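Handing you a structure now.
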Amino acid sequence: MTHVSRRKFLFTTGAAAAASILVHGCTSNGSQSATTGEQAPSAAPAANVSAANAPKVETTKAKLGFIPLTDAAPLIIAKEKGFFAKYGMTDIEVIKQKSWPVTRDNLKIGSSGGGIDGAHILSPMPYLMTINDKVPMYILARLNTNGQAISVAEKFKELNVNLESKSLKDAAIKAKADKKALKMGITFPGGTHDLWMRYWLAAGGINPDQDVVLEAVPPPQMVANMKVNTVDGFCVGEPWNAQLVNQKIGYSALVTGELWKDHPEKAFSMRQDWIEQNPNAAQAILMAILEAQQWCDKAENKEEMCKICSDRKYFNVAAADIIERAKGNIDYGDGRKEQNFAHRMKFWADNASYPYKSHDIWFLTEDIRWGYLPKDTKVQDIVNQVNKEDLWKKAAKAIGVADAEIPASSSRGVETFFDGVKFDPEKPEEYLNSLKIKKV
């Protein structure tokens, strides 16, 4: 079930029409997306709508995609609070996408073909697009760290399935023997949620390619699929894990920051050709997003952020499903609770926005591990091509970020995972060779 072509997209029975669009029409253009050009009633624009440091832009227009996930907030806030307009990008469209494959396909055709120019995106996707789809992409920023979860059905409470997946191993083996293999939802093959799920399962001795079935499911459909027992568990971003708990359908075994503290998650990425044609506009967009990330990370703005994002044209969920985990208050749904948790989603704090190349090296190494990329992939070369940390630094300085607050290194150093495994970005081959369960 590793290859993209063999993945299925799961929906509830009532979403059959949407399933047909996604499975049979993935090359469709922006007509599948709901444009969110209008202003939310609660959002006042930024006071300064003509910043002195705004670059002289080549165009005021760009189409940016997002999936309804809390970590898309910087794009939504940049639109609704007037940060895009502040830096001269007065005609930005922030456009809802139905799934990550739709995001990919709309990026492939670009806005000139009815698609989009950039997006809130799973961090590995720009690499998969650049390598596999031959659509050169640039990563301009990391949108957040942490903020995802692996949630499972209520039936697993008695097994005490949590940070350690080994308690699930016997159930997985039995289900496979009964020809009813456990199905675990992920959002995109080779994307972050897929990699978190695979790492967690493998750490507990469960082979994700042999012992369970991984199914690609659009994030907003995760809870519905759990409700009708189409999936037994899933890995997705918020607010869908919180919604699952609030509806008492399942519980969160873990939040992903427990797997890897302050792990990188979503990125802001744009087509390389668009950036090369509009370098000043790209800088203006990036400046606006960085400022929005700073705004989103302030405690006093969380309520407003969640209210804006909950709107029908964005997430179309109750603000109550977003706010608590956005604040770092985690109700796992099985009696465990955390307040102001250290593993909360971060947009700016602790260099959350900086696109460390060392993190992208890990993503590519994991995609090699699971067969999404060939073993001979020139990892460092492709990271240097796609990751534009230099543009991040330029934009950060332009909005007044002090030099002391800008990372001096492309690497965050050696990373340690929950199971004690270490990843040295200087020695990715050693890490890969040390892993017991893998496809290569």
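Keep in mind that glycine also has a Cβ here, set from the backbone N, Cα and C atoms.
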If I go by Swiss-Prot, which of G65, G82, G233, G237 binds nitrate at the same site as W100, Q148, H193, K266?
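It is G237, as the record lists it for that site.
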With the ranges 30-51, 404-425 to choose from, which does Swiss-Prot describe as region 'Disordered'?
30-51
Return the single residue from the binding-site residues list (H193, K266) that has the minimum number of other CB atoms within 10 Å.
H193
Taking DSSP three-state, what's H193 (nitrate binding site) in: helix, strand or coil?
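Where H193 (nitrate binding site) sits, the three-state DSSP reduction gives helix.
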Look up W100 (nitrate binding site) in the DSSP assignment and reduce it to helix, strand or coil.
helix
What other residues of the same chain, not counting W100, Q148, H193, G237, K266, have a CB atom within 8 A of the CB centroid of the nitrate site?
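Checked against the 8 Å cutoff, the neighbours are I67, L69, D71, L122, T187, G191, T192, P219, C235, V236, E265.
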